[in-house]
Amino acid sequence: MNLEDVVKVTTGSLTARDRVGLQDFVLLEAYTSESAFLENLRKRFHENLIYTYIGTLLVSVNPYKELGIYTKKQMDIYMGVNLFELPPHIYALADNVYRTMLTESNNHFILISGESGAGKTEASKKILQFYAVSCPSTKLMDNVRDRLLLSNPVLEAFGNAKTLKNDNSSRFGKYMDIQFDHVGGAVGGHILSYLLEKSRVVHQNHGERNFHIFYQLVEGGEEDLLRWLGLQRNCQQYSYLVQGECAKVSSINDKTDWKTVRKALTVIEFSESNVESLFAIIASVLHLGNVKFIADSREDRNIYTNGQSQLLLLGIPTQVIQVGLTHRKIAARSEEVLSPFTIDHAVYARDALAKAIYGRTFTWLVNMLNESLANKDSSRKTVIGLLDIYGFEVFNVNSFEQFCINYCNEKLQQLFIQLTLKSEQEEYEMEGIEWEPVPYFNNKIICDLVEEKFKGIIAVLDEECLRPGEATDMTFLEKLEEKMAGHPHFITHKLADQKTRKTLERGDFRLLHYAGEVTYCVDHVLTIFHLQVMRQSKNAIVQLCFPTTEPDSKKRPETVATQFKSSLVGLTEILMSKEPWYVRCIKPNEGKQPGSFDDVLVRHQVKYLGLMEHLRVRRAGFAYRRRYQIFLQRYKPLCPDTWPNWKGTAAEGVQCLVKHLGFKPDEYKMGRTKIFIRHPRTLFATEDAFEVCKHELATRIQAKYKGYRVKGHYMRQREAATTIETCWRGLKARRERQKRAWAVKVIKKFIKGFMTRNQPVSVDNSEYLDYVRQNYLTRLKESLPKTVLDQNTWLTPPPIMKEVSRLRMYLNSGAHVVLHLQIKGLTSSLFKGRKENYPHSVSRPFVDTRIIISFHAFPQYSVPVVKYDRNGFRPRFRQLIYTGTAAYLVEEAKIKQRVQFNQLKGVSVSNLSDNFFILHIQSEDIKQKGDLVLQCDHIFEALTKLCLVANKENCINVVQGSIKFDIQPGREGFVDFKSGQETMIYRAKNGSNHLVLYGINCT
Ligand SMILES: Nc1ncnc2c1ncn2[C@@H]1O[C@H](COP(=O)(O)OP(=O)(O)O)[C@@H](O)[C@H]1O
Ligand SMILES: [Mg+2]
């Protein structure tokens, strides 16, 4: 974006209404015409545009109505935006001051000036509120912020009053420092007050009031408090409150304000006792005002007092007060004598005392506020000062205070001239910049008229006050006319008559008016005696305000004018060390009316505020200048030739930079050491471009840095990976080596085993032989001959496996053996692991038959058995014969019972070592015999044969516990099998005729 674009964008964001008139008087064509100036101000005022710039100076016209332009949203809009990018606003100025302070780390002040009621105090509050919202915030800072904000209502209660011009007129000058830490957080504050209008305590003009706090206390104070203070809730009771005849004003709510002040005092951490002492003083001042003096004819007294008893609040004995209020101490020869007052003197002295008490209490209050705002941290701070100072004014009759105020304004004008006009022109000269000098009125001559040593008005006043004898306004005036007669800016009514009719200019002192009350100009009416009386007070604040350490010097104290002069010198010093910013407040009409613009009144203020002069200098001059080095240092990123470093001189660098930025020749000038830029907008455009570029640069630097960081991280990771890899490889290599070593050992052993395979088994060959054996058996398993009789397909066994050869030989020995083995195999499948005495039977060869017998059918197998009777379970020796179709029970060739195989339901045996078996026979006929309970020494052989002959391989059940059987069809019996030492067969003792138990030994 080049500069022009930036300007376009920023002006583009304005609405039509915002563009009414000119936002900046610098752009005014007829910049020397007061009328054109007024015209612009009026036009904008009628559109409720109360703010207009003259360069960086802000002109503000009091709208006398709420405009809704001080919201949080507005604050946000103005935060961090350049002055000329948005419509003029007090927030824009505040924000620019703040940001300049932060970027340049220097101190600033904002001078707010204008007539009473022009909106100065409001402006300063707006600025403070803006900072309260926009500054970074922490708990501590919030605390400071609250105190800064709340110090205002307290100060206003004690220092502001209703005047004819302003219902909330500040009756003191105020300079407030806000301190910021290096990141811009508000961390502290300090208040300086100037010349409180103390005379208001004892006297108010018609339509004006005393300081707010008196009314707030009387109207808002709690019942208990008022009772304790001896006050009545009625302002009319107090002579100090009624002179203006307007104790009640519609625009002021004393009750609410009282609450605000009480709360503020708490937040600012005034102790309860301090608050009590404070209000005791305020009440005492009211009581003091009510003290009456009455003529007394008695000896050594002229007068006596009435109503002083309430002053006990101050903790001074009544007697002391009584004497104090009616006498003064004078030195007569070597001793001090009390001399009685006249009534007039006494009243005067009473008022002087009231003023002194109130004035000193106000000073104490400011000190307390400062204590509470003080930042104890000693680290470097930058400050923004807010100067809310009373405006220059000329009345028909001007009080002494107005004289001081006008003097103050002259001093500030002088400062302004020094800071802007004079130094500016001098600088152009020094820098060799071509420049048409702007004629301006240097008011130094006026300041000298007032403050010059021995010759100035203040010096004459001091002299007049301090000289012995009666000093009056007239004697003072005569002195002045005598001494100042020739001065071009000094005029009195008398002198005015002699001179040509000269119109008054700003700064001319029309002294007659100021000289109204010379006697008020000196404080010394507060006699030493008064001081001594006050020092007896028990009130903590009074004790601080009237310290015993204060010298009761015989020397007269400094006059108020001199004190004021010194305080102004102090203020000037404070301000000279800071960068100035200005807010000029203008009052549009005398009636506090919204929407009314009084041309004459405004023209008058424009003139006294020096706005035209300011504009002329702004137009002629350059808004901005910076040393080449600093300018180049800041903006060098904007040009590729100057970034990152410029090789030549700074001036050449700036020239190159400026050319690159496209500055027009009339927009800037190159001085000896500095560049001068005519319009602020050129600078702001540059600043904006820098702002954009800064982010780009930051991004680049950030990217580089991030890259650097990530690379570092990557390198570390890579290193770590390499380390892990190395360790892992080492581990793997070691494992591999172990494995190889093991393999070598195994192979060696194998070879050795092979070589010794035919030797007897030893450590050398045992493993090898195992292997050979295993290997052979595995192979054999996969290629077993189809039948045992197959001779040819046997694998040749290795020499060590002679057993196999033997097995083969055995197998080869005959078919009947094979058959026998097959039958044995069947037996095994029926009983192995199920019946306990099966293993004994394995080695006993089966025979074809046990008994040679002649039988009507061909007997397949026969064996002797014992049959147990069904009724008495008596044993009977029988032969069991199997034919192709049935089993027979025979006794000596006589068939006792025939069991068709197809009637055989099954055979039960126990799992124990007995030789019993039960043939379960299927039968429906009740007359038929039941199941057969038999015992046979060749039980495995007999049962296996039965399976084969009857072709019932699944008929045998091996049973645990009891076997149930049919004694007769439908009649059940049991055989119980139990383990024991010997074989015993007996009938159960408890059993009935048909329930039978047998115990079987299992040896
Ligand atoms: N910006 C503003 N917006 C609205 N009203 C304002 C503004 N400035 C001043 N006023 C009104 O004018 C009155 C006087 O203003 P103030 O700041 O006390 O004057 P000064 O301090 O210059 O004597 C305020 O009480 C308020 O009513
Ligand atoms: Mg004010």
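Heads up, the Cβ atoms here are built off N, Cα and C, so glycines get one too.
Residues or ranges marked as ATP binding site by TrEMBL: Gly114, Glu115, Ser116, Gly117, Ala118, Gly119, Lys120, Thr121. As annotated by TrEMBL, domain 'Myosin motor' applies to 21-691. What TrEMBL records for 820-999 is domain 'TH1'. TrEMBL lists 568-590 with the feature region 'Actin-binding'.
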Binding-site residues compared (Gly114, Gly117) - the one with the fewest other Cβ atoms within 10 Å: Gly117
Number of helical, extended and coil residues in the region 'Actin-binding' (568-590), per DSSP: 9 helix, 8 strand, 6 coil
Candidates near ligand 2 among the binding-site residues Glu115, Ala118, Gly119, judged by a Cβ under 6 angstroms: none
Glu115 (ATP binding site): tally of other CB atoms within 10 A of its CB: 23
Which of Ser116, Thr121, the listed binding-site residues, has fewest other Cβ atoms within 10 Å: Ser116
Proximal but sequence-remote residues of the same chain as Ala118 (ATP binding site) (Cβ under 8 Å, at least 6 apart): Ser60, Asn62, Gly391, Cys585, Ile586, Lys587, Gln605
Additional residues surrounding ATP, by Cβ distance to the Gly114, Glu115, Ser116, Gly117, Ala118, Gly119, Lys120, Thr121 centre under 8 Å: Asn62, Asn166, Gly391, Cys585, Lys587
Neighbourhood of Gly119 (ATP binding site), C-beta criterion under 8 angstroms, separation at least six: Ser60, Val61, Asn62, Cys585, Lys587
Neighbouring C-beta atoms (10 Å sphere around the C-beta of Lys120 (ATP binding site)): 29
